Amino acid sequence: MYHVERPVFNEGYIDSELLHRKKRTSKSLQRRIAEHLRCSSEKAKSVVFGFLPILTWLPSYPLKQYLFGDIVSGISTGVMQLPQGLAYAMLAAVPPVFGLYSSFYPVLLYTFFGTSKHISIGTFAVISLMIGGVAVREAPDSMFAVNGTNASQVVDFEARDARRVEVVVALTTLVGIIQLVLGLLRFGFLAIYLTEPLVRGFTTAAAVHVSVSQIKYLLGVHTARFNGPLSVVYSLDAVFRNIASTNVVTLIIGLVCTVFLYFIKDLNERFKKKLPIPIPGEIIVVIVSTGISYGMVMSENYGVEVVGKIPTGLLPPKIPDFSVFPNLFPDAFAISVVGFSIAISLAKTFALKHGYSVDGNQELIALGLCNFMSSFFHTFVVTASMSRSLVQESTGGHTEIAGLLASILVLLVVVAIGFVFQPLPTTVLAAIIMVNLLGMFKQLKDIPALWRTSKIELAIWLVSFFASVLLGLDYGLVVAMGFAILTVIYRTQCPKNALLGQIPDTGLYFDVDEYEEVVAGPKKQMDHVYNNGQMNENHTESDSEDDFFLQRLTPIHTIILDFTPVNFIDSVGAKCIKSVSQQLLFPKKTLEDRLVRSG
């Protein structure tokens, strides 16, 4: 039993006796701008430390406690970064070596500008697929058709790939600019508009797109790459039309690698507490399949498609082609928001787990700088990778040093031994991609869970999924965001309201439509008969309608309005409250007048 007793306060008493408002003098716009731009040593230090978070933790970096864990984590993540960089470059429709470039420069830069200690920046399947769609649209095979033998047309793959690289690099530059500007304007809150059901439905749809796009590599058939609405349907139709030309050796290699990678992934999951580091199944598959392909000369003897030429060393910087910016802006904005949403959601998850905070605006700035500055060195758009981030965290990574070491490992491979991967079969990369998508397909388990908890969130998930699968990732994202906003409007305009009834002799009130009448303890004698706060219909037919509706069901002492879920009150709401108050003070008004004023 609790008994609370205190005086009844009114607003006038609180303002005059308990609280004293601060005196505020209005400032001119010129003065506010001057104060904002005024520089001091403390303000300059705060700006520098905010822009370069590495300065806040590197000077006090505990070598003995963190260094070994960061080294192990960096090597483990770097070993994983290599095959994924090669594989996701195929999704981005550029030669594999550009995936390695994208696994070095942005990761190095994030060490200086990022605020998350555990996410692994680099290539990611969803973003790579969105990039590839833009590259194929802007530089389709038909643009590079040349006359071949017997009056046939063939594609100039070298010219096509060079143009697609130019388009992808320009897109990356534009994405970086958009993210950087949004970060400087403090638009880090944008991620809240991409709710979790929307993002999970979208990424599951992206997994469908990615899987379908890799079937042709797994089978060794040659089909065109489709983009836009119903691209999944067209891609499947093209594969089935050409399935008779399947390369059996390519299929066997792909299936063996898929089974092996799935087995290793399951093994790592089952024994993650006992294994000091995860078994690097992907790099094992890459090394073994590259050796076998080289030894058996599979490209020439069996027609197995391989990665091909990988230049040794880094390419010199080059200014992007700004002329294609107008065509790329809508895609760049969508990729910017999706990439940031994925990165910040992972960053907040790890920050909550390990007890530190991440700055959404600084993360936008960090991603923007990573993409913008790296684009001059021939990279494509990057974001955080879920699988690599889990490895980086689970293998003992404590700080961004782990990501720095992973980027150095990638650099050593690019500079020294990149050419070794030239005989690598592309079907192996397809197997790596498809196995890494298993985590996204597990998000289908959200459907029964959301059915039990929130039908509206389930609708958002399903609309996001089906719209993205059928219309493509770009249009699907727009439709999903529009539908999510409509659900907010629906919830606002159609809130749930309930008539509450009191359990006798208690202070408990419950929805009369949800619960049966509760009888507890001796009932008090009352003038009327009540059923969960509602008066029984025991009035006679002679009672007038006015008398029935205007009589009070219970003796009214005080009415409490619970405004906890109310965000704001506008003038219309204030008038409505005033109207209700007047109705209670003067209950003998006519029914018609009452309905008019409350309407």
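Just so you know, glycine gets a Cβ as well, placed from its N, Cα and C.
Annotations in TrEMBL come from automatic prediction, not curation.
Distant neighbours of the transmembrane segment (86-113): 51-54, 120-125, 128-129, 131-132, 135-136, 161, 164-165, 168, 210, 213, 217, 225, 286, 307-311, 314-315, 362, 365-367, 369-371, 373-374, 377-380, 382, 400-401, 403-404, 406-407, 410-411, 413-414, 418, 421, 424, 426, 429-430, 432-433; these residues of the same chain sit at least 6 beyond its ends, with a Cβ under 8 Å from one of its Cβ atoms. Per TrEMBL, the feature transmembrane segment maps to 86-113 (among others).
Annotation source TrEMBL lists transmembrane segment at 119-136 (among others).
The transmembrane segment annotation in TrEMBL covers 167-194 (among others). Packing against the transmembrane segment (167-194) from elsewhere in the chain are residues 92-94, 98, 131, 134-135, 138-139, 318, 320-322, 324-325, 328-329, 331-333, 335-341, 344-345, 359-376, 378-381, 481, 484-485: each is 6 or more residues past its ends and has a CB under 8 Å from a CB in it.
Among the features that TrEMBL reports, transmembrane segment is placed at 243-263 (among others). Long-range neighbours of the transmembrane segment (243-263) within the same chain, counting only residues 6 or more positions beyond its ends whose Cβ lies under 8 Å from a Cβ of the stretch, are 217-222, 281-282, 285, 289, 298, 302-305, 425, 427-428, 430-432, 434-435, 438.
Beyond its flanks by at least six residues, the transmembrane segment (275-297) meets 72, 76, 79-80, 82-84, 86, 253, 257, 260-261, 264-265, 267-268, 304, 306, 391, 394-395, 420-421, 423-425, 428, 431-432 of its own chain at Cβ-Cβ distances under 8 Å. What TrEMBL records for 275-297 (among others) is transmembrane segment.
Residues annotated as transmembrane segment in TrEMBL: 332-352 (among others).
According to TrEMBL, the feature transmembrane segment maps to 364-384 (among others). For the transmembrane segment (364-384), the residues of the chain that approach it from at least six positions outside its boundaries are 51, 89, 92, 94, 98-99, 101-102, 105-107, 109-110, 113-116, 119-124, 127-128, 131, 165, 168-173, 175-184, 187-188, 314-315, 317-320, 335, 338-340, 342-343, 346-347, judged by C-beta separation under 8 angstroms.
If you look up TrEMBL, you'll see 404-437 (among others) marked as transmembrane segment.
Only residues 6 or more beyond the boundaries of the transmembrane segment (458-490), in the same chain, are considered here, and those with a CB under 8 A from a CB of the stretch are 126, 129-130, 133, 193-195, 197-202, 204-206, 208-209, 227-232, 330-331, 334, 338, 446-447, 450-451. Per TrEMBL, transmembrane segment is recorded for 458-490 (among others).
Residues or ranges marked as domain 'STAS' by TrEMBL: 550-599.
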